[in-house]
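Noted in Swiss-Prot for the protein shown:
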type: DISULFID; residues: Cys2-Cys16; note: disulfide bond
type: DISULFID; residues: Cys9-Cys21; note: disulfide bond
type: DISULFID; residues: Cys15-Cys28; note: disulfide bond
type: MOD_RES; residues: Phe34; note: phenylalanine amide
Amino acid sequence: ECRWYLGGCKEDSECCEHLQCHSYWEWCLWDGSF
């Protein structure tokens with residue numbers, strides 16, 4: 001199960017498609033892709 005927008009994470013692979021893990025805040029943010 002992937003993490004949605006602003007979900008807690010440690011790495012990009014934990015986030016849903018088109019999201020990336022922000023290294024400082026450790027939550028999933030949009031990676032700019034569609």
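Heads up, the Cβ atoms here are built off N, Cα and C, so glycines get one too.
Features recorded in Swiss-Prot, as mapped to the structure shown.
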residue : record              : DSSP class
Cys2    : disulfide bond      : coil
Cys9    : disulfide bond      : coil
Cys15   : disulfide bond      : strand
Cys21   : disulfide bond      : strand
Cys28   : disulfide bond      : strand
Phe34   : phenylalanine amide : coil
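Summary: among the disulfide-bonded residues (Cys2, Cys21), the fewest other C-beta atoms within 10 A of the C-beta are counted at Cys2. The number of other CB atoms found within 10 A of the CB of Cys15 (disulfide bond), across every protein chain shown, is 23. Distance between Cα atoms for Cys2 (disulfide bond) and the residue listed as 'phenylalanine amide': 17 Å, as a whole number. Checking each of the recorded positions Cys9, Cys28, Phe34 against Cys16 (disulfide bond) by C-alpha distance, the shortest gap belongs to Cys28. Candidate disulfide-bonded residues: Cys9, Cys16, Cys28. Fewest other C-beta atoms within 10 angstroms, Cys16. When the recorded positions Cys9, Cys21, Phe34 are screened for a C-alpha within 10 angstroms of the C-alpha of Cys15 (disulfide bond), the residues that qualify, in sequence order, are Cys9, Cys21.
The Cβ of the residue listed as 'phenylalanine amide' lies under 8 Å from the Cβ of His18, each on the same chain and at least six residues away in sequence.
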